[in-house]
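A.B. asks: What TrEMBL lists as Mg(2+) 1 binding site is Ser65, Asp66, Asp67, Asp306, Thr307. Residues or ranges marked as Mg(2+) 2 binding site by TrEMBL: Asp304. Residues or ranges marked as region 'Disordered' in TrEMBL: 351-387.
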Amino acid sequence: MMAVRAMTAGGPASLSRFRGALVAAVLGDCVGGEFEGAEEVPMERVLQHLNSLDETKGTGNLDYSDDTAMARCVVRSILAHAGYDERDMAHRFAKEYGESPDRGYGTGVVHVLKKLSSSHLSDVYQPARDQFNGRGSFGNGGAMRAAPFALAFPKLADVRRFARLGAMLTHSCSLGYNGAVLQALAVHLSLQGALDLPQQFISRLITEMEDVESDDMSRKDARILKEAEKPFCDRLHRVRDLMDRSKVSIEEVISELGNGIAALHSVPTAIFCVLHCLEPRECLPENYGGLERTIAYSLALGGDTDTIACMAGAIAGAHYGIEAIPQSWINCCEGAEDADVTAERLHVLYHQSPRGGGSGTEEPTREDASKCQSGRSNGTKKKARTE
Ligand SMILES: [Mg+2]
């Protein structure tokens with residue numbers, strides 16, 4: 001694949017990239033809700049849905065779901081503490097759920113959020129560890145809210161560390177929190193302009209995940225779940241294979257990478273959506289730019305469309321910048337304006353240095369990780385959205 005240069009995003013870590021990442025994540029969540037859980041989504045239906053956004057002239061009529069609700073908590077917590085504070089973030093998750101429980105949370109995570117609301121809790125990581133008899137969750141709930149970590153910490157080591165810890169507040173299985181690390185790293189690299197060289201981008205992600213997945217817990221979880229030795233690396237190699245092919249069908253993408261609620265079946269998928277849509281595609285309108293293509297393509301995969309489009313949106317938005325997002329689309333999404341404002345504040349924080357975590361910097365341990373299970377509802381999600 002040739003180098004594809006973003007025309008308007010500005011230099012590495014520009015304000016446009018920050019705004020693009022956060023706003024496109026909200027956009028993906030809001031427009032993705034329409035197709036969530038659908039097994040087959042014809043592209044015509046996707047384009048119809050996206051065209052209707054232009055016609056309504058934007059009234060914030062598409063509600064955001066748990067993806068955005070929790071990401072907003074992450075952003076606000078980081079801004080309030082100029083870093084990561086585990087107790088504060090956990091408290092915000094619980095409070096947000098208490099105030100607005102109908103955002104489509106999975107049944108598993110609801111138990112965790114209810115426990116996190118207790119003021120007597122001494123270890124905020126414990127409720128997630130207790131999930132499924134100590135097996136923990138490998139759902140994509142940690143990954144869906146991971147982008148802000150890349151927008152808060154300029155150092156890659158910090159992005160890795162805090163994305164992991166932030167995910168472990170609800171997802172204690174390595175196949176859950178490593179997915180969050182991968183998503184945050186993808187946003188981090190995109191923010192630096194790394195998607196100008198797609199092959200190097202994917203190679204870099206593989207190299208990083210080789211290291212992330214080399215610890216004992218990740219290896220043990222992979223063995224127990226009968227996955228490849230390093231499950232996310234294995235998927236990223238598949239992403240690279242699919243990138244190298246001139247034509248690939250949506251069915252092949254789903255069968256190779258998945259479109260489900262497990263982090264393993266959705267984070268590499270979101271990354272592929274971004275890479276695949278760097279160039280014009282036959283199935284997508286010629287007048288679409290790369291960001292529009294990415295969102296449309298993510299929806300056409302079906303399955304966990306809101307989360308996959310949200311994650312792909314964050315990575316793509318960090319590459320193309322805010323100017324690439326149609327204003328009429330932004331206007332339709334609840335929370336997009338707020339994301340735009342907070343992106344600016346994160347941009348300021350990011351460019352202040354030196355910086356690390358706040359008070360919560362201790363590595364949590366997990367006693368029993370013998371088995372893992374998705375913390376979100378099984379199979380096809382049925383979510384009660386606020387509509
Ligand atoms: Mg959702």
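Each residue, glycine too, has its Cβ placed from N, Cα and C.
Remember, it's a predicted structure, so these values are computed and weren't measured experimentally.
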A.B. asks: Sorted by position, what residues of the same chain at least six away from Asp66 (Mg(2+) 1 binding site) have a C-beta under 8 A from it?
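C.D. replies: In sequence order, Arg103, Gly104, Tyr105, Gly106, Val109, Gly141, Met144 meet the Cβ cut-off.
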A.B. asks: Could you check which of the binding-site residues Ser65, Asp67, Asp304, Asp306 have their CB within less than 6 A of ligand 1?
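C.D. replies: Close enough to ligand 1 are Ser65, Asp67, Asp306.
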A.B. asks: For each of the binding-site residues (Ser65, Thr307), count the other CB atoms lying within 10 A of its CB, then report the residue with the highest count.
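C.D. replies: Result for the most crowded candidate: Thr307.
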A.B. asks: In whole Å, how far does the CA atom of Asp67 (Mg(2+) 1 binding site) lie from that of Asp304 (Mg(2+) 2 binding site)?
C.D. replies: 11
A.B. asks: Measuring Cα to Cα, how far is Asp304 (Mg(2+) 2 binding site) from Ser65 (Mg(2+) 1 binding site) in Å?
C.D. replies: 12
A.B. asks: Using a Cβ-Cβ cut-off under 8 angstroms and a sequence gap of six or more, which residues of the chain neighbour Asp306 (Mg(2+) 1 binding site)?
C.D. replies: Gly28, Asp29, Cys30, Gly32, Gly33, Glu36, Ser65, Asp67, Gly104
A.B. asks: Including all protein chains shown, what's the count of other C-beta atoms within 10 A of the C-beta of Asp67 (Mg(2+) 1 binding site)?
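C.D. replies: So the number of other Cβ atoms within 10 Å of Asp67 (Mg(2+) 1 binding site) is 31.
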A.B. asks: Using a 10 Å radius around its CB, how many other CB atoms surround Asp304 (Mg(2+) 2 binding site)?
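C.D. replies: The Cβ of Asp304 (Mg(2+) 2 binding site) has 31 Cβ neighbours within 10 Å.
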